[in-house]
Amino acid sequence: MSSFGPSSFLLDDYLEKLPGATFRKLYQQPSTAFAIFRRMLPPLAKVYVQALLYSPTPLTTNDIELWTQPEGKGTSNRAIARLRSLHIAQLSQSTRAKKAQDIQLTANFKKSLRLALEGGGSHNSFGVPSTLPTDPKIHIQYLDHWAGRIWQDILYYVVNSVPMKANESGGRHGSGGGGPKRAVRELLKMGGLVREGAGGLVQISEHGFNFLLQEANAQVWTLLLLWLEAADRNKALAKEQGTDITGTAIDNVEMLSFLFMLASLELGRAYDTSALTETRKNMLPALADFGLIYIDRDRPQQYYPTRLATTLTSLSTMRSVSASIDAATKKTPGDAGSLGADSTPTAPADENGGIVVETNYRIYAYTSSPLQIAILKLFCRLHMRFPNMVTARLTRESVQEAIKEGITANQIIDYLVAHAHPQMRRAAAAKGTTVIPPTVMDQIRLWQLESQRMQKTPGFQFKDFESVEEYRQLAEYATEIGVLVWKDDRKGTFFVSKVEQIREFLKARKKGN
Amino acid sequence: MPRAIRGVLIECEPAIKSILIHIDSTQLNNDAIIEDLDETHLMVKEQMVKTLQARLDEKLKETYRVEVPLDDSDEDKGM
């Protein structure tokens, strides 16, 4: 499953917690089935889905085993486990072959994915383009610029690098203060990304650090999932109190499928709000607060998905998402808050990073973005600041300080690589080395090791097996699905990071006996 | 049916492990460690990990000092 970035894990975790009934409802929407297929599956699982999609009869696990080489058995089992945990495929005792199981796609998923591919049906699942005339000033660049600004406002707030001044983007939608909307701020607090310190000042938490160093795409998902959870909680709360919940409570199935639908829309195109259900219409203002959609004040019956929304389910374009956001916000002048109203986003493509790292741990960052400077400050000691550049240094203290806050060495390195100056890339490509000098990368990792004396893995320990055979089978299964962390054959005990599928396996095994 | 116990698996050097065990028995009333698994692994209660980590950091601070890195100043160089 190496093709997954760590970024998709959050969404994974959320989806895995959902009950089967929720999945069945979700898969009624072709756009959702398609989005899950595109984003959430490892390549081999995609192959299986494609094979099963138009197969009139279920295949047996024996058939599938023939498609992979023996050494690929683990990968294959993981792929199937994934399909099961997402309720895409189901296994049942085969009627035709002994000791084999039938595998087939779940009915809703199959139907919806077929519809998505064939384009049939009248489900409006991929959005209804607006037929009304559109404003010519709203084009892709405009949307990129707008979404980038909203998103950067949110990031500024998390970093808390700048005082909250009234600025353009806040005023545009009628809210008074600058920075993100109140609801967004509440959400960030609730999600533990920031916490309120003494005197009502907002401080970044360790989750916040992690959040900042993620890819833009992963950040969007983090925020959206927080939002979904908040909605869930509100609903539960309202139910307890027996209060009227219309308007505030939103069905999470409806929310998720709307997000997946947004991801399938076309950037720069206006869509019709009247084709949306009431729930979805209620979601629009919040999504506009996140910068996922743009609603023109004069034409409230139209909404435009922004790049943040349309790339939600992409895997390969993550880099270009952050690049485009960077490009969109590149024109940000040095002093935050005074974002020029008419600063047009004419970004040359190679301007998405400006960090130079030298072998002596010096950092020169060609940027005037307060956000980038604030992020650098998380793990570097800043030295000097010029109109278009800051100098900084990676030190043992600065890196360990960051690690104490929950940032990992790899996150720091990834960040430096992702934002490296084009010159660094060119030099590295010419010499065939890594973008960041290897000594620096190693040292950052060593600094982490120094302060991280223990590796922690939350999970479950299994012990007291009835027989050696039971232990062996279960341990083998845990290895195959990739959750086994530690085992001791002699003592007959092992430790897994995830328990759900092991439980199922145990149950199935018990029935089989 | 086997038993499943919720907890946090801690992997560390043997030296660190013995410090952890010492901390657990002297300061934490044997309340953090569930099981001593092998030379480099411990099973610890989820809610005690933070405390254990903090006590370990304290302990290491007493015993472990790093030399102050040379601080070459940027000011002196070719300005």
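Our numbering is plain: 1 for the first residue shown, then up by one each step along the chain.
Using the three backbone atoms N, Cα and C, a Cβ is placed for every residue, glycine included.
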Of A:53-75, A:329-351, the range TrEMBL labels region 'Disordered': A:329-351
Summary of DSSP states over the domain 'Transcription factor Tfb2 C-terminal' (A:442-507), given as helix, strand and coil counts: 31 helix, 18 strand, 17 coil
Averaged pLDDT score, the domain 'Transcription factor Tfb2 C-terminal' (A:442-507): 87
